Amino acid sequence: MMLVLTTLIFSFSASIAYAQSGCSVSDPLDALKAFKDGAGTFLLQKSTDPQARDCLKGTPNGNRDGNTLPVTMTYKDDSKWVSLNWMFTLEGANIVATLEGKRKQRGELVYDVQSHDCHITKLSSGVYQQWQSNGSADDKDIKCCDEKFKELTSGIDYTKPQEKGCETSAK
C-alpha cells in the first residue's frame with residue numbers, strides 16, 4: 001500500500017513539475033502534423049521495446065495522398081543497413097503502419113511538441129517510442145519530450161537505438 005501511495009505522489013509531483021516547465025504541446029494531437037506532413041526524417045531516440053531496431057529512422061519516400069504517407073524505415077542489422085517500405089495511415093492521433101500490405105502495426109500519438117520536432121507514440125503492444133526530427137531541433141522542445149517520455153515510462157527500462165553505432169549512415 002505504501003508503495004502505491006508513493007508512486008501516486010511521485011507521478012502527481014512529476015505532472016506538476018512538467019506543467020510548470022513551460023512545455024508547449026500540440027493540441028489536439030494530430031499524427032499528420034507530428035510527421036510534419038511528410039517532410040523530413042525522424043529518428044527513434046528511445047523505446048521501451050528491448051528489441052527495438054538499432055539506428056531506426058523513418059523517411060518519407062513519396063508523395064502524401066490525403067492521410068496516407070509512404071515511409072522507408074531504415075535500421076542497422078549488425079553492420080548491414082536494411083530498408084523496408086511501409087505505408088502509414090495517419091488519422092487524428094491514430095497511426096497504422098502497413099508493411100507490403102500484410103503486416104500491420106497500430107499506435108497512437110500521445111505527445112507532440114508545438115514545433116513537431118519531437119513526438120511520442122504508444123504502440124498497441126504498450127511500447128512507448130520517442131521520435132525526433134533529424135536535423136535542427138529546438139533544445140527546449142527536445143527537453144520537454146524527454147521529460148514527458150520519462151513521465152510516461154516511469155519505472156520501465158528503455159533503449160536508445162541511435163546510440164548503437166549509427167555513425168555511418170545508410171546509403
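Using N, Cα and C of the backbone, Cβ positions are placed for all residues, glycine too.
A quick note: this is a predicted structure, and the numbers were derived from the prediction, not measured.
For CYS118, the disulfide partner recorded in Swiss-Prot among CYS144, CYS145 is CYS145. Annotation in Swiss-Prot places CYS166 in a disulphide bond whose other cysteine, of CYS23, CYS55, is CYS55. Taking CYS23, CYS118, CYS144, CYS145 as the disulfide-bonded residues under consideration, the smallest Cα distance to CYS55 (disulfide bond) is found for CYS118. On a Cα basis, CYS166 (disulfide bond) lies 29 Å away from CYS23 (disulfide bond). A distance of 22 Å separates the Cα atom of CYS166 (disulfide bond) from that of CYS145 (disulfide bond).
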